[in-house]
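Novice: If you scroll down you'll find the structure; I have some questions about it.
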Amino acid sequence: MEGQAAAPAAGTVLNALATGTGSAFAIDEYTTATVELTDEDDVTGEIDGAEDADTRLIERCVELVTDRFGNGQGGHVETESEVPMASGLKSSSAAANATVMATLDALGATDRIDREDAARIGVSAARDVGVTVTGAFDDASASMLGGLTVTNNDEDELLARDTPDWDVLVWTPPERAFSADADVERCRQIAPIAEVVAGLALDERYGQAMTINGLAFCAALGFPTDPMMEAMRTEGVSLSGTGPSFVAVGTTDQLEPVRERWNDREGTVWLTHTQTEGTLTDV
Ligand SMILES: Nc1ncnc2c1ncn2[C@@H]1O[C@H](COP(=O)(O)OP(=O)(O)O)[C@@H](O)[C@H]1O
Ligand SMILES: O=C(O)C1=C[C@@H](OP(=O)(O)O)[C@@H](O)[C@H](O)C1
């Protein structure tokens with residue numbers, strides 16, 4: 001029994017590490033998971049092009065799905081990704097969602113659970129293996145449902161969803177920053193600012209929300225604000241997640257001059273678009 005699914009990466013409007021309320025939007029870059037279920041008890045995992053990377057998240061996703069919708073069977077899961085790992089673009093949520101939906105696909109069970117609950121399975125797996133601070137239901141819901149979501153990660157509750165139509169410029173520096181290593185205490189110190197950002201996001205003022213989030217989290221986590229200043233004439237710009245990537249949103253005309261500035265920096269700069277369909281099973 002084989003199944004496959006592809007889940008989009010996402011950028012940040014509000015990082016949930018300050019208050020537990022977060023907001024993210026899906027972008028048109030994917031992680032694909034292929035799951036083969038067998039009669040073995042064990043689940044093994046493999047990440048294409050990253051032999052030493054941690055496969056516990058995707059293995060746990062398969063286990064949680066076969067325990068609930070199958071007969072606890074094991075198997076093998078392999079991911080291939082366009083999303084750089086641990087760079088703030090929600091590679092973990094994309095890998096978890098793709099694996100959950102690929103396992104459901106292998107079991108012929110994609111219709112037996114709604115999308116929000118399917119995202120909650122990936123969140124449980126991420127908590128079980130310790131790759132997240134809050135569970136990151138903000139990132140998981142954006143990647144599973146598509147569009148932009150605002151969530152309460154303490155309750156895994158969806159507060160709002162919208163489908164803004166933006167071009168998205170991404171700069172990913174060469175270094176990596178694992179969310180589990182983030183300085184949560186410093187993030188909590190900016191809770192009053194995060195509350196303002198949550199209010200703006202719930203008021204659909206996403207660009208302003210993002211930019212304030214970015215300035216505050218750059219300060220809290222020790223990232224430079226120059227990349228933000230270079231993008232102040234866009235709709236919004238932010239450090240994505242716990243970094244090191246930055247995302248700017250708006251029209252191509254607004255983003256082109258920023259692309260030129262960000263191209264002078266080390267790392268990769270690319271232009272993509274918001275994604276509204278969420279995790280895809282017809283791949
Ligand atoms: N393609 C992938 N396949 C399997 N697991 C992945 C993949 N990408 C990320 N992960 C998991 O997510 C972890 C990184 O999560 P995190 O630090 O939150 O980064 P990000 O901000 O990109 O989500 C990795 O250590 C790994 O466990
Ligand atoms: O682990 C977590 O709870 C979170 C990690 C961060 O994202 P990244 O994984 O992209 O750094 C953050 O933006 C999100 O709101 C919550």
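Even glycines carry a Cβ here, placed using N, Cα and C.
What TrEMBL records for this protein is below:
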DOMAIN    57-147  domain 'GHMP kinase N-terminal'
BINDING   PRO84, MET85, ALA86, SER87, GLY88, LEU89, LYS90, SER91, SER92, SER93, ALA94  ATP binding site
Novice: Which one, from the binding-site residues ALA86, ALA94, has the smallest tally of other C-beta atoms lying within 10 Å of its C-beta?
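Specialist: Least crowded of the binding-site residues ALA86, ALA94, by Cβ count within 10 Å, is ALA86.
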Novice: Ranked by the number of other Cβ atoms within 10 Å of their own Cβ, which of the binding-site residues PRO84, GLY88 ranks first?
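Specialist: Per the Cβ count, the most surrounded site is GLY88.
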Novice: Near LYS90 (ATP binding site), which residues of its chain come within a Cβ-Cβ distance under 8 Å, counting only those 6 or more away in sequence?
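Specialist: Listed in sequence order, they are ALA9, ALA10, GLY11, ALA24, VAL83, ALA136, ASP139, ALA142, SER143, GLY241.
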Novice: May I ask which residues of the same chain, at least 6 positions away in sequence, place their Cβ under 8 angstroms from the Cβ of SER92 (ATP binding site)?
Specialist: LEU57, ALA126, VAL131, THR132, ALA136, ASP139, SER179
Novice: From the binding-site residues listed here (PRO84, GLY88, ALA94), select those whose CB sits under 6 A from an atom of ligand 1.
Specialist: GLY88
Novice: Under 6 Å from ligand 2 by C-beta, which of these binding-site residues make it: PRO84, ALA86, GLY88, LYS90, ALA94? Sequence order, please.
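Specialist: What lies within reach of ligand 2, judged by Cβ under 6 Å, is GLY88, LYS90.
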Novice: Within 8 Å of the Cβ centre of PRO84, MET85, ALA86, SER87, GLY88, LEU89, LYS90, SER91, SER92, SER93, ALA94, which other residues of the chain have their Cβ, at the recorded ATP site?
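Specialist: The answer, listed by sequence position, is ALA9, VAL83, GLY241.
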